[in-house]
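The annotation Mg(2+) binding site is assigned in TrEMBL to ASN8, GLU48, ASP197, ASN199, ASP303, HIS304. Per TrEMBL, active site is recorded for TYR156. Residues or ranges marked as active site, proton donor/acceptor by TrEMBL: ASP197. For ASN199, the entry in TrEMBL reads site 'Transition state stabilizer'. According to TrEMBL, the feature site 'Important for catalytic activity' maps to ASP277. Annotation source TrEMBL lists active site, proton acceptor at HIS304. For HIS304, the entry in TrEMBL reads site 'Interaction with DNA substrate'. Under the heading region 'Disordered', TrEMBL lists 367-412.
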Amino acid sequence: MLRVVSWNINGIRSPLQGMVYEEPSNCAAMAMGRILDKLDADIVCLQETKVTRDVLTEPLAIIEGYNSYFSFSRTRSGYSGVATFCKDSATPMAAEEGLSGLLATHNGDVGCYGNMDEFTQEELRALDSEGRALLTQHKIRTWEGKQKTLTLINVYCPHADAGKPERLTFKMRFYRLLQIRAEALLAAGSHVIILGDLNTAHCRIDHWDAVNLECFEEDPGRKWMDGLLSNLGCQAGSHVRPFIDSYRCFQPKQEGAFTCWSAVSGARHLNYGSRLDYVLGDRTLVIDTFQDSFLLPEVMGSDHCPVGAVLSVSSVPAKQCPPLCTRFLPEFAGTQLKILRFLVHHKQDPVFKQSVLRLGKQTQVQMHQNKARVRSTRLRPNQTGSSRGQKSLTSYFQPSSNRPQASPNLELPSMGALMTPKTPEEEVMAKVVEGQVGASEAKDEKEVQTSFWKSLLGGPLPMPLCGGHREPCVMRTVKKPGPNLGRHFYMCARPRGPPTDPSSRCNFFLWSRPS
């Protein structure tokens, strides 16, 4: 059996933080290994890794028992990116970054690019510059003993922002390039699996709020998927599309089968999401070898959950990893010079070492002789009679001779002699009055300090209560560019869910008054 899993990890280092926090003694390599073991797959495809090559560390890239392949964004740091981890028992015979072939090194690449004349070179370069596609090609053996070729296309398709129409164009062109490459591989005789985050909910059953979305079926991304996917009920004479949604093949009517939820609104708590992650297989492969297709919503660590499939084939590992494997990168293969090599001698000649020690001893003897010579020529205070010697610090604080000094025999009258003596009654009254005045001043000072610190540390005002549940709200900040950017507002603190669910968030909204 061959088990493949895909997961939009939303930053490859994010799930590791929780794993390392649970067991501080574990390093990042052990944490990443635990994630791969938990997914329990022969091939794990990750999307949205959010790492570039300059920040990729060896514990993340080199995992014992696996060989890994990364595609990085070349436009922005901490953005996009995909990675594929293959068990050594499923080592691919070829691996390639990108869909267009412009990033190919012509050494261990997958090949089969199809006709891309409708794209310009600049457009192809832009589509592959965000690190959204990674191909690995494997040898598989069926139960009949036949060997076949299987190509996995790990993709993280672009998101179409409603406020940026150019991104919708970019997304659709990426879809088109993906389809051309996949069909070219099929035409060359390879089986193909497209898996990853396609960033489109295909059918109404795949979206939590499809009934309230206008022109749901008219979305360009859904139309593209309609043209790519077929179902098992297609007749032989009808137009058979090349790929099948493996999950809907096994669970055609399963509702609430979502893979992505809004992390900000806590929508996962009430399963208020959409299905954006897929395992698409070519029609023949799905019908003949797919045994199961599944979701793993119980796996946390991202706003997506893993998806996967099980095939009734075995992998035939290649004898060596393709050149794209991360273990061959200079920084991980030990071929890149490190700064320590310039500071530490790994091997020293014994003759050279003895000469260095001899020279060091001579230098130390010479330094001791120089110090003794300088010490003998230095003047001592008791050997010189010159008045130009160094003065002590107290000499600067002696009284000046030109100022008149008070006679030591002169006695000043005491203050008690200049004041009129008081009776015992007057002394008692004076002490009582003085004590009352002191207590009053101390009390006033304490009240002033108390009021000051209360005004300073009074804390925020109490949260208003939402209208639907009469519960304290949460404060949010507007981050969308516009006239309200940076303003604060209050909304219901409950997680987002269907409007018919009374336990979900109500529609309460209130602007926060400026302080």
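Cβ atoms here come from the backbone N, Cα and C positions, even for glycine.
What TrEMBL says about a protein is an automatic prediction, not a curated fact.
The binding-site residues ASN8, ASN199 differ in how many other CB atoms lie within 10 Å of their CB, and the one with the most is ASN8. If you compare Cα positions, ASP277 (site 'Important for catalytic activity') sits closest to ASN8 out of the binding-site residues ASN8, GLU48, ASP303. A Cα-Cα distance of 14 Å separates ASP303 (Mg(2+) binding site) from the residue listed as 'active site'. The separation of the residue listed as 'active site' from ASN199 (Mg(2+) binding site), Cα to Cα, is 8 Å.
For the pair HIS304 (Mg(2+) binding site) and the residue listed as 'active site', the C-alpha distance works out to 12 angstrom. Here the CA atom of the residue listed as 'active site' lies 5 Å from the CA atom of ASP197 (Mg(2+) binding site).
Set side by side, the recorded positions GLU48, ASP197, ASP277, ASP303 differ in how many other CB atoms lie within 10 angstroms of their CB, and the most is found at ASP197. When the alpha carbons of the residue listed as 'active site' and GLU48 (Mg(2+) binding site) are compared, the span between them is 7 angstrom.
In sequence order, ASN10, GLN47, TYR156, CYS260, LEU276, ASP277, SER302 are the same-chain residues whose CB sits within 8 A of the CB centroid of ASN8, GLU48, ASP197, ASN199, ASP303, HIS304, the residues recorded for Mg(2+) being left out.
Counting every protein chain shown, 25 other Cβ atoms lie within 10 Å of the Cβ of HIS304 (Mg(2+) binding site).
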